[in-house]
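Asks: The structure's right below; bear with me while I get my questions together.
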Amino acid sequence: MSLRHGSKVWLEDRDSAWLAAEVLDSDGNRLLLVTDSGKKVYASPEKLLPRDADEEEHGGFEDMTRLAYLNEPGVLFNLRRRYALNDIYTYTGSILIAVNPFTKLPHLYDSHMMEQYKGAPLGELSPHVFAVADASYRAMMNEGKSQSILVSGESGAGKTETTKLIMQYLTFVGGRAAGDERTVEQQVLESNPLLEAFGNARTVRNDNSSRFGKFVEIQFDSNGSISGAAIRTYLLERSRVVQLTDPERNYHCFYQLCACERDAEKYKLGHPSHFHYLNQSKVYELDGVSNAEEYLKTRRAMDIVGISYEDQEAIFRVLAAILHLGNIEFSPGKEHDSSVIKDEKSRFHMQMAADLFICDVDLLLATLCTRSIQTREGSIVKALDCNAAIAGRDALAKTVYARLFDWLVAKINRSVGQDINSKIQIGVLDIYGFECFKDNSFEQFCINFANEKLQQHFNEHVFKMEQEEYGKEEINWSYIEFVDNQDVLDLIEKKPIGIIALLDEACMFPKSTHETFSTKLFQHFRSHPRLGKEKFSQTDFTISHYAGKVTYHTDTFLDKNRDYVVVEHCNLLSSSKCPFVSGLFPLLPEESSRSSYKFSSVAARFKQQLQALMETLNSTEPHYIRCVKPNSLNRPQIFENASVIHQLRCGGVLEAVRISLAGYPTRRTYSEFVDRFGLIAPEFMDGSYDDKAATEKILQKLKLENFQLGRTKVFLRAGQIGILDSRRAEVLDNAAKYIQRRLRTFIAHRDFILARAAAFSLQACCRGYIARKIYAAKRETAAAISIQKYIRMWLVRHAYFKLYFSAIIIQSHVRGFVTRQRLLHGKEHRAATFIQAYWRMSKVRSSFRRHQASIVAIQCLWRCRQAKRELRRLKQEANEAGALRLAKNKLEKQLEELTWRLHLEKKMRVSNEEAKKIEIFKLQKMLEALNLELDAAKLAKINECNKNAVLQNQFELSVKEKSALKRELVAVDELRKENALLKVSLGAFEKKCTTLELELMNAQKGRDETMEKLRESEQKCSQLEQNVKRLEEKLLSLEDENHVLRQKALSTPLLKSNRPSFAKSISEKYSSAIASRTERKTIFESPTPTKLIAPFTLGLSDSRRSKLTAERQQDNYEFLSKCIKENLGFKNGKPIAARIIYKCLLHWHSFESERTTIFDSIIEGINEVLKVREDDIILPYWLSNTSALLCLLQRNLRSNGFLTTTAQRYPGSSGLTSRAGHGPKSPLKFIGYDDGVLHVEARYPAILFKQQLTACVEKIFGLLRDNLKKELSPLLGSCIQAPKTGRGLHGGKSSRSPGGIPQQSSSGQWSNIVKFLDSLMGKLRQNHVPSFFIRKLVTQVFSFINITLFNSLLLRRECCTFSNGEYVKSGVAELEKWIVNATEEYAGTSWHELNYIRQAIGFLVIHQKRKKSLEEIRQDLCPVLTVRQIYRISTMYWDDKYGTQSVSNEVVSEMREIVSKDNQNLTSNSFLLDDDLSIPFSAEDIDMAIPAIDVDEIDLPEFMSEYSCAQFLSSHQKSTIS
């Protein structure tokens, strides 16, 4: 691989597997690279792979064989780009890769999508699982060879869902008519949820992982309808029944059974956490899944498959027994190595298990705790220890479940039934993919062995496809080789020395261990290149599988390979009184029952099953689907490169790539090769060579040898495309350099011309500027002199006038000042006088007011003081507090003491005058001090009074609160008593409530059951009502026909032998209804005008008159038959046949007949003509005639009187008869004219004829429309994609756009569409079809064009290109031109029917898509399209012409969010359009749209003279002419 600066490469990375990078520089054997993230690294060329940068500009290739570099990173990132756009399917040749989206995509799987892929060649539409299923079905039908579809992938990759989709599609294309009860296809589909319930479980990687392999053979008959089916299963994981790891689950059926309340109560079950086989993991519920609802689905699937109610009950009884069996625990017995039931709980579960198995409980106990050994002397009973008893219990549970699963599969096969006469079938294989875990055991060994077998088959198929491709292209392929894995298969399965043989041999010896097995294995395969020994383990071995090395732990190999059948278990359950349980364990042969154990190798049995499967696959044509799990989180829009690469290796996809790389991995059609690499040798692009010759010349010029030229493609060996791309890059670089050189020359020359022109312009501007400057100076000088003169004059004049006016102003101001001073002095004198008066008045008033306010204030203070004294006195009298009394007593004592002292002083003063004076002085001071204390005491007393008042208020409040508290305490005591009573009653109520809840639940269950029965009863009732209505309608028609037959029996004699075949058929039809002559007299005859038959029947008998009437009616039938079969043409644009028929019916009074068959004859005659010639000529002719006849009936018939006669015959009928008006019962007649039109009162047959004629018009319109669509479909198929131009040897140069699209505005394909429309319009107008029908028909044709083109655009990625949008846009412009030329009278609103395709191609060809917001796209560009449709176009679009990109990633993300939200709604999720098959008109519309028809102007045909019944037309025409 030659690398240069700027080369795009893939860089191997440990974390992301591969990174996109670009070469910056080379340093010897090391290259400097820069990744997309901007990181610079050094790498050797051996770690790099080439990358095509052009592939990153669009959303990936639908077929990865179209990758320029078919390598591992190219495959990985192509899948990544498509997965980001929710394109989960991708082809690799004929192999389909399906990436699990982890979200619902309902728009991909509806019936409309299945209809689109039905019959479409593989690769024509976008990759899809339906395409693979359809390809297998078509190959089976065309080649008569059975097919097989192999679905593989790891757990969680979506294998089961893919398998269900395949079966759903096969039942769609191979299903039979609806109405069959329990059809084969229904049973095949419903077998999926049934097997999922019993064979699927939650694992670490997947919530619904299939724990068994499944091969479904769907058989077909010679017509392609499903005639039978068979299901084969492989390697059910039996150990999961008894052993789980957290957070996995057991099989779904156990949890569904526990969720059913009715069965849980019946079988003494409960929550799954109560059972040992289920509580080993703490996961009991799945997100978004209801176990109860899944239980009902399982039951419904059992009903559809055909499992009886008794067998269903037995199945769930066995499941419950297994759960109870797991809860049986053992404890050591009294004897050595014996065991007994541990406790009463275990004994209860054992009793329940025995009751559910309907076997003896003691025998069950003996079977679990002992073993019988047959010897020559007799039978020896050996006790089992606890571990052996538990192992036996688990073995019994696994055996019962495995037998139950096998019974279900066999029952499904018996119920569906196999068609022994079927020679073709399609097999769908859903099997586990390659597994490599941290701990790999026996299950992984068997699974990987199966995958090795399938990989060998896959390699052979891929190699065969390569050979077929090379052979079809007629190139040499004999030396191509690929890596075979036969040595691995020999290592595993070869006899007598293989891993399986050694394992079976080790299992035959009881004392063998996994150590001895490993030792023997390494001894036999010491030097085998595929087998390795682990360094840190003596028993583990490693096998180099095709997908990588896997290390297996042999610890449990022997135990899991031994499938011992314990005879006691079989004898126990075969003796069960339940037929179902005993049927699971038929009696063993006598020689088998002698030993307690019968050895059976799981690996050997699986090998035999696998060999049978491979024989079946080898006899079929295989189709491969590889399912990929994008991430381990099970979340959408997350793509883990390392995980996906591992799965691609395990799934053999990269092996297929390696096989392709061994041959010619790069294949290009000659036109694609020349488009891409033609610029390397432009001398060969002048049109002298065709594409193949030009390709050969280019390769010869580059001296490449590793290529071959096929019939339509060039095949290149690995690395050659890199050389071509490198040379192409050099040519483009040289071209870029040349373009740059010429561009720089052009820019320099342009700049010089511009500079020289600028210099000339600058010089001219400068000279002009100087001249203008001199002239301006002279002009300014002259102007200045003139201005100075006028300014001087103005200044002198101005100074004079200024002095003059100043003197006048001064004089006026002086006089004014004197006058104003006098006036001001007078005003001040008057104001002073006025102010003095107001001042004196204000002073007296304010003095009075102050005196008055003082008096009022004194009075207020005095009154306030008196009020305070009175308040104080009242408070003192009211004060009874202890503190106040103490203070008062204290003061009184002090006062008494002072009084006593005063008396004492007085006595002492009398006795001693001198001492008295001294003492008086002291006493006066003391008295002053006491006064101060007294004042302080008074103040304190006042404060105490205030506090006392506050305390009094608080005391009163306290007293009130105390009384309130006493009342509350009394109330609390009463409440406590009531609470005690309420507790007692509450307990009683709770007990009663629990009983009521139980009764309510039972009532709800009963209500649900009753509602279900009510719904079923309502459905049955509605069905019965519909049946009754249908029977009533059938009764009416039968009675009507009975009357007609009776009348025909009267009026139809033996016909002449020379009448035409049409008349013979009528006579044969009603010949059996001819009655005897005596009965004919009593039958009501069809009324015939008396004036017409009176001259002939006057002297005839009744029989003769009846015979003449029958002959006349037969003549009428023959004439109408002739008119219907012949093309009578048109006159004045109006159909002749319709007018003749109408005039005959009017003349023969057929509209007035109570019983007549002439109307049925007309309808049958028209239908026969349409059956014989259902082409585009006869259909427009009869559309014109039937519509004209219907229009005449609609305008001229009145149904006033027919109700009376019919209502009396059918009193309980409804519909047309019940809606008509009541009229007289007398014979009908003309009821007059209205606007010049003769109205006829019609009877029931005439009204019925009008309805039949309306249906006939709708039928003809529908047939014509469907025929046009059939003719138009192949033309549209070639119009949706632009044709590639080819190079011929004819002269001239063909213009080729960068994408290989012709540049002309239109092509021959669109011209064919226009020619088709011109032909259609010519046929319609030639047959004078009313413009009303032409508009409706053209509108529906254009609607079909819009739907077909739009759906094809959304399903084919190669159509969503810029150049293809231009191509389709030019074609749509041709259609627009045709619509304009056709005028609105005939085309109507057909242009609006193309809105979807017009807006879609408008979006394709619009520039700068990345600048458009979602709002602009929805509102301006594509207002009609939904977000899902816009998202589909945006993700599929790629610009093959200019290399621009689609809308921005932000807009794509926004649309993806909207689409994800819409997926949760109940609205339709399909992005495709549905075809409208309705009839767009009614009889009233026809009557209003078609102009009046004159029935008199008729050109009579020549054969009319042969019929006497039509002579009145000739006479009428003659009278009209005269």
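From the backbone N, Cα and C atoms, a Cβ is placed for every residue, glycine too.
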Asks: For the record in TrEMBL, which of the ranges 610-632, 633-655, 1369-1391 is the region 'Actin-binding' one?
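Replies: The range carrying the region 'Actin-binding' annotation in TrEMBL is 610-632.
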Asks: Note the mean pLDDT of the coiled coil (864-940), expressed as a whole number.
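Replies: In the predicted model, the coiled coil (864-940) has a mean pLDDT of 75.
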Asks: What is the Cβ neighbour count of Gly156 (ATP binding site) at a 10 Å cut-off, with all protein chains included?
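Replies: So the Cβ neighbour count for Gly156 (ATP binding site) comes to 22.
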Asks: Which residues does Gly158 (ATP binding site) neighbour through Cβ under 8 Å, counting only same-chain ones at least six apart?
Replies: Ala98, Asn100, Cys627, Lys629
Asks: In which DSSP state, out of helix, strand and coil, do we find Thr160 (ATP binding site)?
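Replies: The three-state answer is helix.
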Asks: With Cβ-Cβ distance below 8 Å and at least 6 positions apart along the chain, what are the contacts of Ser155 (ATP binding site)? List them in sequence order.
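Replies: For Ser155 (ATP binding site), the qualifying residues are Thr203, Arg205, Asn206, Ser209, Tyr432, Gly433, Glu435, Lys629.
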Asks: With the ATP site defined by Gly153, Glu154, Ser155, Gly156, Ala157, Gly158, Lys159, Thr160, which remaining residues of that chain have Cβ atoms positioned within 8 Å of the Cβ centroid?
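Replies: Here the nearby residues are Asn100, Asn206, Ser209, Gly433, Cys627, Lys629.
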Asks: For Glu154 (ATP binding site), list the number of other Cβ atoms lying within 10 Å of its Cβ atom.
Replies: 22
Asks: Reported in the order helix, strand, coil, what are the DSSP residue counts of the region 'Actin-binding' (610-632)?
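Replies: Counting residues by DSSP class gives 9 helix, 8 strand, 6 coil.
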